Amino acid sequence: MSTQLRNNPMKVALASMVGTAIEFFDYYIYAAAAVLVFNTQFFHSDDPLSNDLLSLSTLALAFFARPIGSALFGHFGDKIGRKKTLVASLVLMGGSTVVIGLLPNYAQIGIWAPILLCVCRVGQGIGLGGEWGGAALVATENAPEGKRAWYGTFPQLGAPIGLFVANGTFFLVSYLLGHNALVEWAWRIPFVSSILLVAVGLYVRLTLHESHVFVEAEQKGKKLNAPVSVVFTKHLKPMVIGTFIMVATYSLFYIMTAFAQAYSRTAPKLSEAGYALGLGIPANTFTGLLLISAIVFGIFISISGFYADKIGRRKWLIWVTIAIGVLGLAMPLFLENGTPVSVFAFLVIGMAIMGMTFGPMAALLPELFPTEVRYSGASLAYNLASIIGATIAAMISLKINASFGVMGVGIYLAINALMTFLALLASKETKNVDLTEI
């Protein structure tokens, strides 16, 4: 095999990281806009809570579209290669984000505004569905022996980078132009400016060599005509296990970002059931707190990769999942009648745990599948988990809080942690798996 097919570590890091950075940049600017802007710009109801729920429901649309993207891009990623497929997913994902920044609002085109917003959100979701699996494979299939989880943190580090850049952009726009300008028109700036990240990502990925693991499988004639169907017929068990291993991670991330922001900035009033609907913390204050916690997120992703290579993915994640459950049950201590200080403590602790659970996933999920279905299998597990862990949370977390308080949301997180814990118990350690042999 020619040595030109090997990629240097810096290129692997950038190629895998940039797409995930765009993914989470897209996710968070959309989540922030759904809370701050879309509820008034794209939806027209006399009930503010209804507008909030409709706006956050569009956030959930992408999670439903992700498995479609997983099947589509997974099929081509396992048939024609990781590189070409990653380029296509990046164009769809990034292009949809830019178009959102150009959409007219409800006052300009009426009901077509939320319809077009939903179409773009579905486009984002389909592109996102093919992004992470390919990025994880670029990292792990190019990793040296014994460092697969460490290399797997490259795409995962894109998450705090995207989170930081997205929040930083919103913070600067709001600070420099004011909140009124942000709500009226300046919210478009982060969406349109994402074209710069897409351009960087395309440049790096177009200069990348195909994974040597995929090339070896291709030379051995291991390519399949319908890899997605093979995942469901021959590799259903690892896909189900992988899906539930990822569920708690998604739930935690959604609650740490979208729910925490919506709850923190909502005026401090009571629901009909007598529970607090919010804390009344200014949006810029919360954004500043989240910026700092995003740095903590990144630090603990790197730590998790080191320990997942040292002690194993399964053992590491079992302990971290227990911590997620404990955090869920402790949520009222931080958020009920909370202050900026207690919210900050919640964000820092939660993002540290988030880094520890998210970090090893780019190594673990691909290790569950053989090369000929690895893109499809890892992508499907990752994105099916988003429906259970994030989509449902997006649709019901505010209602749970209104009916049962913060404790209800915390119990929901703990239940998701329990599902992940049981999936980990049902799994096997994959640290020493040879990706060219399975």
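Using N, Cα and C of the backbone, Cβ positions are placed for all residues, glycine too.
Database features (Swiss-Prot):
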TOPO_DOM  1-17  topological domain 'Cytoplasmic'
TOPO_DOM  39-52  topological domain 'Periplasmic'
TOPO_DOM  74-85  topological domain 'Cytoplasmic'
TOPO_DOM  107-115  topological domain 'Periplasmic'
TOPO_DOM  137-156  topological domain 'Cytoplasmic'
TOPO_DOM  178-181  topological domain 'Periplasmic'
TOPO_DOM  261-286  topological domain 'Periplasmic'
TOPO_DOM  308-314  topological domain 'Cytoplasmic'
TOPO_DOM  337-342  topological domain 'Periplasmic'
TOPO_DOM  364-377  topological domain 'Cytoplasmic'
TOPO_DOM  399-405  topological domain 'Periplasmic'
TOPO_DOM  427-438  topological domain 'Cytoplasmic'
TRANSMEM  18-38  transmembrane segment
TRANSMEM  53-73  transmembrane segment
TRANSMEM  86-106  transmembrane segment
TRANSMEM  116-136  transmembrane segment
TRANSMEM  157-177  transmembrane segment
TRANSMEM  182-202  transmembrane segment
TRANSMEM  240-260  transmembrane segment
TRANSMEM  287-307  transmembrane segment
TRANSMEM  315-336  transmembrane segment
TRANSMEM  343-363  transmembrane segment
TRANSMEM  378-398  transmembrane segment
TRANSMEM  406-426  transmembrane segment
Does the transmembrane segment (315-336) come close to the transmembrane segment (18-38), meaning at least 3 CB pairs under 8 Å for residues 6 or more apart?
no
Mark yes when the transmembrane segment (240-260) and the transmembrane segment (378-398) have three or more Cβ pairs under 8 Å (sequence separation 6 or more) and no when they do not.
yes
What residues elsewhere in the chain lie close to the topological domain 'Cytoplasmic' (137-156), defined as a C-beta under 8 angstroms and at least 6 residues from its ends?
6-7, 9, 12-13, 15-17, 19-20, 77, 82-83, 86, 208, 211-214, 301-302, 304-306, 308-309, 313, 358-364, 366-367, 374-375, 378, 431, 435
Okay, the transmembrane segment (116-136) and the transmembrane segment (315-336): do they have at least three CB pairs under 8 Å, pairs separated by 6 or more?
no
Where DSSP helix means H, G or I and strand means E or B, what are the helix, strand and coil counts for the topological domain 'Cytoplasmic' (137-156)?
13 helix, 0 strand, 7 coil
Can you name the far-off residues of the same chain, 6+ from the ends of the topological domain 'Periplasmic' (178-181), with a Cβ under 8 Å from a Cβ of it?
283-284
Quick one: mean pLDDT on the topological domain 'Periplasmic' (178-181)?
87
For the topological domain 'Periplasmic' (399-405), give me same-chain residues lying six or more residues beyond its boundaries with a C-beta closer than 8 angstroms to one of its C-beta atoms, as numbers and ranges.
53, 259, 263, 271-273, 275-277, 332, 336, 411-412
Contact yes or no, the transmembrane segment (406-426) and the transmembrane segment (182-202), 3+ Cβ pairs under 8 Å, gap 6+:
no
Under 8 angstroms, Cβ to Cβ: which one of 53-73, 86-106, 240-260, 287-307, 343-363 has the largest number of such pairs with the transmembrane segment (182-202)?
86-106
In the topological domain 'Cytoplasmic' (74-85), how many residues does DSSP put in helix, strand and coil?
10 helix, 0 strand, 2 coil
Sort the residues of the topological domain 'Periplasmic' (399-405) into helix, strand and coil with DSSP and give the three counts.
7 helix, 0 strand, 0 coil
